[in-house]
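Features as listed in TrEMBL:
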type	residues	note
ACT_SITE	145	active site
ACT_SITE	302	active site
ACT_SITE	332	active site
DOMAIN	63-221	domain 'Alpha/beta hydrolase fold-3'
DOMAIN	275-335	domain 'Alpha/beta hydrolase fold-3'
């Protein structure tokens with residue numbers, strides 16, 4: 001990554017993540033209810049949660065889970081995600097594979113995507129599924145926030161690989177970040193200063209993930225990178241037309257921010273802004289039509305609300321069965337806050353709804 005990253009955003013991210021992992025990272029502690037082991041899948045660290053075998057049960061269902069944190073923070077081994085995956089394994093009687101992908105600033109895009117893809121493809125091998133007693137026809141891929149981004153991107157990639165014999169049955173995306181095309185959707189405008197994830201912070205995460213220059217942050221904020229005169233963006237404009245993809249209750253009185261003249265050099269400097277592996281909402285309809293049955297959870301008080309809602313609508317238009325689970329009184333990141341001292345009702349509510357859908361459909 002560029003030196004400027006180290007001088008600006010990365011310094012506090014490194015310190016913050018060091019503190020999170022130092023004080024909160026848990027060793028794999030198994031119990032009678034759940035066996036927890038750390039493993040390596042094709043060079044990628046994972047944590048596996050396995051419920052005990054039942055006498056009358058041959059194979060279990062499974063969830064590949066990818067944690068959030070702006071591609072820069074958190075870990076599969078922190079207590080919040082450890083607790084979430086343990087709860088999922090217990091509630092669903094399922095094998096849960098939590099992916100410990102590498103973070104920025106150690107690596108930038110596309111390495112996080114490749115880590116998640118490699119770990120998932122390794123797990124989908126028949127011999128590996130047999131090792132964990134997993135039913136090949138009952139596997140979901142899931143993730144929250146940046147992890148939802150990676151889960152969606154991995155699912156799209158898997159759908160294009162014709163040689164694969166085993167594919168996910170479901171995808172479940174929790175307040176996913178899916179596009180960097182328009183930072184002025186109604187939810188970005190409505191929640192620009194909302195705690196947990198402000199608009200400026202999300203733009204910084206994108207710049208850092210895509211190895212860009214922070215001097216471009218303001219230009220991204222006002223959509224200079226997708227102005228009408230930026231030719232590379234023209235073919236994607238219809239994929240993110242929120243005036244047609246969002247219901248009126250979400251659009252409210254907000255107006256699109258479309259610059260007539262912008263800065264084409266932004267896309268030249270950060271081409272990944274239009275790379276579907278980074279921004280799954282830009283995928284073509286043909287790819288979307290290949291996606292599995294989908295669950296998308298969104299929160300009203302979240303800049304990313306419209307990312308999830310637009311993806312749900314595009315998938316639905318492409319013929320995919322979609323459940324959009326919207327919570328009017330919840331905020332970004334709430335689902336992992338379910339243990340003291342951050343045991344919020346919003347966390348319990350969203351987690352319960354998410355696990356219920358998985359239980360009924362997986």
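Each residue, glycine too, has its Cβ placed from N, Cα and C.
On the backbone, the CA of residue 145 (active site) and the CA of residue 332 (active site) stand 8 Å apart.
On the 0 to 100 pLDDT scale, the domain 'Alpha/beta hydrolase fold-3' (63-221) averages 97 in this prediction. Within 10 Å of the C-beta atom of residue 332 (active site) sit 26 other C-beta atoms, taking all shown protein chains into account.
Cβ contacts within 10 Å of residue 145 (active site), excluding its own Cβ and spanning all protein chains shown: 29. Sequence-distant neighbours of residue 302 (active site) (same chain, 6+ residues apart, CB-CB distance under 8 A): 175, 187, 191, 194, 197, 330, 331, 332.
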